[in-house]
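If you check Swiss-Prot, you get these features:
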BINDING   Asn236, Met265, Tyr294, His330, Ser350, Arg351, Gly352, Asp391, Gly392, Leu393, Arg394, Glu430, Tyr457  substrate binding site
BINDING   His434, His498  Zn(2+) binding site
BINDING   Cys578, Cys581, Cys586  [4Fe-4S] cluster binding site
COMPBIAS  608-624  compositional bias 'Low complexity'
REGION    608-633  region 'Disordered'
Amino acid sequence: MGGTIDINKISKLSESAQVDALSTQPFPASKKIYAEGSRPDIRVAMREITLTPTPLQDGATEENAPLRVYDTSGPYTDPAVEIDVRRGLPRMREAWINDRADTEHLTGATSFYAKSREQNLSLDNLRFEHRHAPRKALAGGNVSQLHYARKGIITPEMEYIAIRENLALEQAEIENAMRSQHPGMNFGANTPRYITPEFVRQEVAAGRAVIPCNINHPEAEPMIIGRNFHVKVNANIGNSAVTSSIEEEVEKLVWATRWGADTVMDLSTGKNIHETREWIIRNSPVPIGTVPIYQALEKVDGVAEDLNWEVFRDTLIEQAEQGVDYFTIHAGVLLRYVPMTAKRLTGIVSRGGSIMAKWCLAHHQENFLYTHFEEICEIMKAYDVSFSLGDGLRPGCIADANDEAQFSELRTLGELTEIAWKHDVQTIIEGPGHVPMHMIKENMEEQLKHCKEAPFYTLGPLITDISPGYDHFSSGIGAAMIGWYGCAMLCYVTPKEHLGLPNKDDVKQGLIAYKIAAHAADLAKGHPGAQLRDNAMSKARFEFRWEDQFNIALDPDTARAYHDETLPKEGHKLAHFCSMCGPKFCSMKITQDVRDYSAKLEAEKAQAEGASQQEAEQGMQEMSQKYKDAGRRLYHEV
């Protein structure tokens with residue numbers, strides 16, 4: 001946010017907070033467009049890239065249609081929207097929630113902890129001031145998208161998602177695009193050529209997809225997580241006891257959505273977690289996830305043994321009333337599984353998993369998240385918070401991959417999924433971790449089998465352990481593979497993984513690596529229309545439309561910068577070569593020359609054939625006339 005602000009030197013953060021102008025600039029040659037649905041307030045945002053014309057041989061040009069791409073940046077890249085992080089984003093879903101008439105406004109926060117924070121006057125300079133009263137389902141009600149889907153209701157959120165997944169293309173346009181796309185191999189996925197609102201409803205009703213959208217986060221643009229839709233990417237942000245501030249985390253949020261984060265997890269473990277989260281949610285156009293056990297641990301001064309159900313329950317309500325869209329809950333770490341990790345090379349590497357394992361051993365009791373799971377479901381369905389069932393026993397190195405502890409927990413997560421579904425609570429399953437390439441497919445197969453096709457959400461996996469500083473590369477390989485096999489969402493890894501807290505540039509690097517992985521998975525699955533952007537890039541590359549190449553890229557800034565390092569002049573962006581091969585050895589220029597030469601030969605051949613045909617016809621006419629002049633006789637005396 002334009003530099004770190006010392007909160008001790010200002011009266012209120014709500015008077016000074018601002019977002020970096022770089023984070024709100026539209027992408028080059030791009031504009032925000034909105035596709036309208038069946039009602040005027042269903043306006044689906046996406047990005048449209050303007051392409052330059054193709055120069056033809058005769059000096060004329062041929063227009064190239066603009067390219068639409070999926071956009072997660074929300075209003076931040078729309079110049080028509082005034083951005084003020086002190087007030088938060090427009091509450092786009094509020095009317096839809098009102099129309100359902102199944103919620104009530106509370107008079108204020110009901111969490112004991114939230115109330116205590118509100119009464120603490122020393123926090124006034126940190127508060128997000130423009131708060132709204134939280135909502136909750138009417139007594140005994142259920143407001144989850146899964147509940148509506150199972151009742152046969154197509155919600156505005158579902159319609160929005162169908163338009164968004166299709167990039168507002170008509171069915172005929174997608175069918176036409178599929179003629180220039182490889183069919184792919186989808187390993188049992190069932191994506192139709194054209195996604196309808198009814199298909200979205202069916203997938204949600206079956207539990208194969210989730211729409212994370214807490215009723216207290218109406219600022220979020222509806223999105224879907226499921227293997228029959230585009231593969232999604234999550235970015236982690238959050239402060240720690242060592243570094244970062246509220247304004248830095250909001251800046252990281254905006255930056256992450258700019259570079260393609262479909263969801264963002266706030267993993268804050270430092271000071272002022274409650275206030276930080278409020279600022280993040282109010283300014284987030286994407287769903288926000290958390291790991292509630294982190295904050296619960298802070299409430300008991302970091303002593304895992306002192307955790308209890310009452311503290312955790314209050315934390316769930318606190319975060320649900322703020323608008324958190326999905327909770328990672330490590331309810332599958334059972335007491336009997338903990339000894340299975342003793343022989344591992346790296347033991348338990350999940351923070352949440354280790355916290356619950358320590359609690360279980362200290363009390364010699366079953367995990368209270370497991371024993372109170374149905375009570376957790378009651379809380380979740382009153383706000384439409386989705387489960388992200390945490391893999392607390394995931395492998396922390398490739399030596400521990402696919403072991404007894406990991407798959408025992410996975411089977412328990414499958415059991416918990418069915419309990420959650422009984423309550424109509426949306427559920428996704430978290431996965432590893434560190435897995436070598438030849439063992440990745442087994443993870444996907446086991447998850448589909450035991451978790452009844454609930455969406456899978458994995459951290460990578462990293463396919464080797466020797467890449468510190470480059471873990472976004474090694475995990476991106478695993479992410480692309482498991483996305484192809486059917487994983488619905490990939491949790492990004494940054495270059496700082498295992499090394500430190502990521503900064504803005506690390507967030508971008510991790511996201512670009514994972515957008516590549518997700519897109520590669522879509523291509524490999526043959527997702528309808530996935531190859532449109534690749535084909536547009538290839539055409540621009542062959543025609544030496546350099547500006548279009550930069551603008552179509554996932555990271556236009558870096559593409560342009562790398563080109564300009566060696567060919568900085570504007571005239572070089574019209575050149576039919578780059579610095580890799582130079583003007584004489586450019587394969588595409590040579591190919592164009594070959595094409596031109598072939599076209600010339602064909603023209604000459606056609607001309608020659610035309611001339612020969614003309615001579616033959618003239619000869620035929622002469623012989624015909626000679627026949628007529630001779631009295632039309634077949635034979636003549638010699």
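Backbone N, Cα and C define each Cβ position, glycine as well.
When other Cβ atoms within 10 Å of the Cβ of Tyr294 (substrate binding site) are tallied across all protein chains shown, the result is 19. Taking the C-alpha atom of Gly392 (substrate binding site) as reference, the shortest distance to any of the binding-site residues His434, His498, Cys586 belongs to His434. Ranked by Cα separation from Tyr294 (substrate binding site), the binding-site residues His434, His498, Cys586 are led by His498. Among the listed binding-site residues, namely Gly352, Gly392, the Cβ with the most fellow Cβ atoms inside 10 Å is that of Gly392. Here substrate is bound by Asn236, Met265, Tyr294, His330, Ser350, Arg351, Gly352, Asp391, Gly392, Leu393, Arg394, Glu430, Tyr457 per the record. The longest Cα to Cα distance in that group is 20 Å. Ranked by how many other Cβ atoms sit within 10 Å of their Cβ, the binding-site residues His434, His498 place His498 at the bottom. Between the CA atoms of Cys586 ([4Fe-4S] cluster binding site) and Gly352 (substrate binding site) there is a gap of 54 Å, rounded to the nearest whole number.
On its own chain, Tyr457 (substrate binding site) has Ile225, Asn234, Ser388, Ile428, Ile429, Glu430, Gly431, Cys487, Ala488, Met489, Leu490, Cys491 as residues at least 6 apart in sequence with a Cβ closer than 8 Å to its own Cβ. For Ser350 (substrate binding site), the number of other Cβ atoms no farther than 10 Å from its own Cβ, over all displayed protein chains, is 24. In sequence order, the binding-site residues near His434 (Zn(2+) binding site) (Cα within 10 Å of its Cα) are Arg394, drawn from Asn236, Ser350, Gly352, Arg394. Of the recorded residues, Gly352 (substrate binding site) and His498 (Zn(2+) binding site) place their C-alpha atoms 16 Å from one another. The local packing around Cys586 ([4Fe-4S] cluster binding site), expressed as other Cβ atoms within 10 Å of its Cβ over all shown chains, amounts to 18. The secondary structure of Ser350 (substrate binding site), as reduced to three states from DSSP, is coil rather than helix or strand.
Of all the binding-site residues listed here (Asn236, Arg394), the one with the fewest other CB atoms within 10 A of its own CB is Asn236.
DSSP assigns Tyr294 (substrate binding site) to a helix.
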